Amino acid sequence: MVSSLVVPVIDVQNDNFRELWPAMVVAIKTASFLALDTELSGLGNRKSLLAESIEDRYKAICSAARSRSILSLGIACYKKLDDKAAHTYLVQVYNLTLLCSEEYMIEPQSVKFLVQHGFDFNKQYASGIPYLKGNGKGTSEEQGVHMRALFTEVLRARKALVLHNGLIDMAFLYQSFYANLPDRLATFTADLSEMFPAGIYDTKYVTEFELRLPASYLEYAFKKCKLDNSRIVTSGGAVPHVHVEFCQYAGHLSSYVDYRTCQDVSSAEGQTDICERFSAFGWCPNGAQCPSSHDTDLIILQDEKGAGDKKKKKKRIRNKKRGRGEAENGGAVCDGAPDHKIPHMELDSGDAPAALGPERDNSQKEDGDMKADDEGNQVSENNPDHKNPAAAEAPTDGETNTATSNTKESREEARETGALSNQQANTNTSKADPGTHRAGFDAYMTGYIFAHSCTMIKKDGVGPVEKEQQQEVVDKEKQQQEVVDKEKQQQEVVDKEKQQQEEAWLPTCLNKVYLSGKAAPLNVVKSTFARSSKVHIQKMKAVWAL
């Protein structure tokens, strides 16, 4: 029997925003790291977002962020518990429904996708938290209870920021709650490096270049990390693993909690025909009409079963290269989409995506294969913690996991079981919504991937590839040191970056943002050739003056 696990997410709207404000601020300030995700009203033209020039891509993203809006924001606060077993986190997840107070574009594909996955536009327009984009009205606007003030609290917390394929998310967050986006990418990255001194981490980059997973779209990466973590637990060894605890919300607070249920990874009996497009990118143009399976569990299990098949591996390499060629010629327009946000993208009439995408190969990540994310299923463990500011009482639940090996007749089956009391399980199930794709859950999954990665990737690297990358970083820093050793201000920048490396969760992934179709990430640093924007300098003075 496969168990159902539950993630409690606090639904924040305009009518309870002020009431929940103190708890949210405490959760943000006490977190070890913050995972964020957004749902957007659209992204505009597809090809521009995959332009060969990164600067051109940035311009296209800026255009989208200025003309579209954030419909919902997910914030997952992961607090590492020092008084518990190693790698134990108390997780508090918030899903904020937002409503931009100025005109913005919304794309039909975005509406259709979100409605299919449980997004309530009636609730958004009736109860969405209002916000204004751009520069705001100065220091006074950072005060009070509203979205710009909440984003200010995120900045003031100085926590590591975790996203999945996060370039677009960061641009929308900057434009919506901070200031007008600068015209140049180098200025934007310089601003970000100062806004988030604890570092920015992209789990898309982590799963592609560090964990080397066969696929890196959000649901796949999350379920694979969860499955691997459960196997470590059941093995009974001393290998580090992640343990997640949630809070139980009592009284009227429970009415704000949205419980989402999903099944753990399990075999799909009798189903073997997998959609290659979906298995590679987490998205298929045929949607529910596709005759092949979109079951992520089955995809993961078949990937593991065929991992050692050299013939299949060579075939995947050939197909992947052919797929990249199609993308370069404009044939596979949706390959390399910004992960699960692909349904928000506008396609020209002649840019319909190909029906079949390239198969995946783990050894080709350096070539920058393009993948797209999808709607994600979430899992949870309900556990206690008396430190939660919003909880009146805490559950007492541990994480127990089991795994069984496969036979020739059936595919490999891996299961985790989370101990939930019958009473709470019944309560959670009764409140569960059939939709599974929301910013809050995606933020939770993003944070879980990051927490798992931190246990698996040692700070000195996990292999020759990582060691080589670190050596390249060291060599680059030495070169930079030689150039700026006579300039005191530049020396301070280098020292600051070195300190960040030492304190980083994942040093090899610090401030590296995934770029679709590129072999190298975008480095979020303050270049010697770019200064921070004037409005950013004013904003930061206002932030720290509060």
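Cβ coordinates come from backbone N, Cα and C, glycine included.
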Annotated zinc finger segment (source TrEMBL; candidates 269-297, 472-500): 269-297
Structural state census, the domain 'C3H1-type' (269-297) (DSSP three-state): 11 helix, 2 strand, 16 coil
Averaged pLDDT, computed only over the residues in the zinc finger (269-297): 76
